[in-house]
Protein chains: 2
Amino acid sequence: MTPYAAPVRDFRFVLEELLEHGSLALPGFEEASPDLVEAVLEEAARLAGEVWAPLNASGDRQGCSRGQDGSVSLPDGFIEAYRAYAEGGWNGIGVSEALGGQGLPEVVASAVQEMLHGANMALGLCPMLTAGAIEALAHHGSDEQKATYLPKLVEGTWTGTMNLTEPQAGSDLSKVRTRAVPQEDGSYRLFGQKIYITWGEHEAAENILHLVLARTPDAPEGNKGISLFLVPKYLVNEPLVNHDGSLGERNDVTCASIEHKLGIHGSPTCTLSFGENDGAIGYRVGEEGRGLNHMFTMMNEARHKVGVQGIGVAERACQQAFAYALDRVQGRRGGSECTISDHLDVRRMLLSMRARTDALRALALYCAAQLDVARHAADAADRLAAQARVDVLIPVVKAFSTDQAVEIASLGVQVHGGMGYIEETGAAQLLRDARIAPIYEGTNGIQALDLAGRKLQRDGGAALTQLIDEVEGTARALSVTTELAPLGEALAGGAADLRAAMAAVLEAGADTERGADAVQAYATPFLSLAGHVLCAWQMGRAALAASAAQASGSKEPFYVAKRQSADYAIRQWLPVGRAQRAVIEAGMASLAAFDAAAH
Amino acid sequence: MTPYAAPVRDFRFVLEELLEHGSLALPGFEEASPDLVEAVLEEAARLAGEVWAPLNASGDRQGCSRGQDGSVSLPDGFIEAYRAYAEGGWNGIGVSEALGGQGLPEVVASAVQEMLHGANMALGLCPMLTAGAIEALAHHGSDEQKATYLPKLVEGTWTGTMNLTEPQAGSDLSKVRTRAVPQEDGSYRLFGQKIYITWGEHEAAENILHLVLARTPDAPEGNKGISLFLVPKYLVNEPLVNHDGSLGERNDVTCASIEHKLGIHGSPTCTLSFGENDGAIGYRVGEEGRGLNHMFTMMNEARHKVGVQGIGVAERACQQAFAYALDRVQGRRGGSECTISDHLDVRRMLLSMRARTDALRALALYCAAQLDVARHAADAADRLAAQARVDVLIPVVKAFSTDQAVEIASLGVQVHGGMGYIEETGAAQLLRDARIAPIYEGTNGIQALDLAGRKLQRDGGAALTQLIDEVEGTARALSVTTELAPLGEALAGGAADLRAAMAAVLEAGADTERGADAVQAYATPFLSLAGHVLCAWQMGRAALAASAAQASGSKEPFYVAKRQSADYAIRQWLPVGRAQRAVIEAGMASLAAFDAAAH
């Protein structure tokens, strides 16, 4: 099994040479000096590589198990590895200082997340869900709730979960049936069953705070009848008044079963039963009937995190494939024995994996930097403009990164040949693990609808148009240099395709009769085209930065490699995405007429 | 779990309406009347659906296990299901009557293979390997060997294996080290270890015949030192003279371990040790030093079978995704509750799966029909021309069908949403099973080299040019009808792209300095382009046939569905393939300069 070495050099390249938006110099980030950031990255790399990564394969093999009492056992070492993370203060690095965190920029926190997921995605899910709970409480919790629960969540001594899905309510949460019955003391009693609850039960933390969507009595049908509740595994003594943080009774919530999944075996995916006895005691978070809205507040960031998670797994797949290809002697080149990394068809796979991973990372970190600007820029107009970009970018980062991560992990299997199909090698695990990411936190189809429907239609494409303008600016900058001109030409072509496809999607959306259907039919090809063009844009910027470093005299092989990545991404990967324009322009007749029952 | 229903209607469509080459009317196939063929398909569908398919999930869960004595236990029911197959005479349907088979056309045998793999790919591997052994002995065995071993293999009472790979010899078989020491009686003693031996040990058959590549003493290094040997698990009494078929001693070959694989858990993948005691007794098959050539004789057909296997799994993934999408109620369309099959983004996935599977099947069966012509046509020139097409088509059928099968199975997981990630649903198993097909029987990279290197360069593209001419003919035929004209236009564009790419690959191959590298760099994009265009061609022909049937008054929904498949395949799937022309034309500079160690 290849060890995992976090790509710190590449994080530094993106942070220092690609992100010209100065997100590290925003108000509030005064302490995030380059030295501090580098130290954070190095230390996170150590935790990821030395503590988390070695447990990835064993965690997959052993998996989780549920005892007859409903307790859940994690794979060996997971509790210790989680505690090393929490005790190292990692859980709060991206949380604001006001909430007890370290208030580092999101772009730094995202880099750390990528490392942890690359090292051990199953374990990485635990803090990812906790981060969602922190967001939900920070935005919508009462002062008492914040005081009672946030410090422990930020520390990581308690963890959080998101309880949305029920058997009949998946992508359509309006169908949630879990009931929340108000009690005289202002609390609620919850009754119902939730499925697919990530890290829903475990012993790694002293307590687990379940955030639960449920329906109050006499609430209207559909979305507006749903509220958000906090249901602790162990009740906290005196939660609504002065509290001492001490834990009381076990609440009436139990793990009824855990799922047997394709991957992420080290992450317990639970069915949780609320209220099998007297009802699970819960506390409403935010307004009655606004549960879905409150949940979506944090979902945007969770979606970014899932994209980053995909990139982490893609990075590990790259590392493993490169190591294997550089080691495996097979065949001949130029008359002598060689490793398979010398065969051009294998190089094609390796470079394809590397170029895509680099590109996805650059785009995800660009998005994170825009998040920082949206939150921290001094100027309100800057904040709004950045938020508009974030809104457009997040579905792309989530869906495109995860779809690509599955392909990259699958290429990783292919590079290994027959060895890739043997579980001991570890390449197959990465494919199995990655495969969930296009599904959860809103399927990639939902992301595409979010982009092509809501995000694009509501501003008439204004935010995306600004991004396309920037892509064209990068294309022009590339065209100035003879060497980079072919990249500029290809990138400009991609930008033109995206602009044309956007116009088609906007036109379809404006059609009152068939609009919703047409946007749906075009959504996934459109997101794929946008992902390819925006990633190619980032690689165009990377080519410019690498070229500038070389012009300044750098002989670092990193820049040579980066330019090869950029060349491949723009000239041999982008064309595949550009084909999606033709897919969109071919129209939606076959989909509109399609009757699944007749096939 | 969705039951498997073999797509008999579609097989009949391809056989009766698409294959204009009259392969069923060739000399030697006089008895293969349409009625008989239909009865064969119906009966195979019953075996596949009722006997094999119900064991697919349980076989995956249970897997195989190896006892301390080296014996291997199959999943429950597999032995009975295999015997039902053998006793039904299915093992010999494609084998010539001279060898004791039924001599049905390859195109019919391929349809039956697809059904069996769709029902249970792990079990289907057993007869697939036996078919290889039959081919090897039929082509290269002595009369005695044929008389001794073929009847039992054709019956299926004995099964066969292919022993090629060793730890240091995978894609590069010149590195085989297993030794074969000649004995005074003309037999050999074999010593060595072979890995990844499919169905290498089991109790489903009375005997197992291992075909083994090994090196004779003093043989030259490399390929020319390798010969092919037959090593029975149980020695056959008096194998080289008059034999009574009775079994003698256990030979010195044992199963040292079985692999823990990503999928096909019901297929035992063994490490076999030859000669741990006195040496495993083996008999040379064919000429000394020609083992690799002899092995490649049968490999062409085995590659076709692997492609067909991919299509079988893709078909099952389609059926399961359609059934789920038609059943799962979620969300609303036009104001009322609907199943997810009504959402256009889900339709896109379903139609993409269906269109690709239809197209791959039509191409694979076209190739099988050409195999029949190559073997049976009365005219020698017809036979040669068909063989030239087969040579070009087989790497495409193998690699393109299996790459697409993985994507189709992955889309099947996606259609299921969260349920797709839970193993009980069965969608994930199809992805895990399918993932081996791009790897074994020559990786898909090797297939691409075979196409772009050997097959294309040796005839200067003549055979492929003839196929492209036919694609253009179909495009012209489509262009005659207003309704089908957009398909004709798109198909003509695809044909032009393939012609241009072929010219680029031929030009690269002719470059004596960088030829081999350039062809390698272009090989996989070129195969992908060829696969898309040839599949689209078949769907163009399907559109014409369906349109003709409708013009003759047919109201069968099958034809409506087929036309939707064709429309999607040509207008929304082909464009993605056409992008590979741009990939090729972007050149190979980044790959040639690529240094994996520097990334």
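Note: Cβ is positioned from N, Cα and C throughout, glycine not excepted.
Each residue in the domain 'Acyl-CoA dehydrogenase/oxidase N-terminal' (B:80-156) gets a DSSP state, and the totals come to 62 helix, 0 strand, 15 coil. Positions annotated as domain 'Acyl-CoA dehydrogenase/oxidase N-terminal' by TrEMBL: B:80-156.
The domain 'Acyl-CoA oxidase/dehydrogenase middle' feature in TrEMBL is assigned to B:162-274. Across the domain 'Acyl-CoA oxidase/dehydrogenase middle' (B:162-274), the model assigns an average pLDDT of 93.
If you look up TrEMBL, you'll see B:289-454 marked as domain 'Acyl-CoA dehydrogenase/oxidase C-terminal'.
The domain 'Acetyl-CoA dehydrogenase-like C-terminal' feature in TrEMBL is assigned to B:468-594.
Helix, strand and coil content of the domain 'Acetyl-CoA dehydrogenase-like C-terminal' (B:468-594), in residues and according to DSSP, is 110 helix, 0 strand, 17 coil.
Comparing B:80-156, B:162-274, B:468-594 for CB pairs under 8 angstroms to the domain 'Acyl-CoA dehydrogenase/oxidase C-terminal' (B:289-454), the maximum falls on B:468-594. As a summary of secondary structure, the domain 'Acyl-CoA oxidase/dehydrogenase middle' (B:162-274) carries 6 helix, 55 strand, 52 coil according to DSSP. Spatially, the domain 'Acyl-CoA oxidase/dehydrogenase middle' (B:162-274) is adjacent to the domain 'Acyl-CoA dehydrogenase/oxidase N-terminal' (B:80-156); three or more Cβ-Cβ distances between them are under 8 Å for residues at least 6 apart in sequence.
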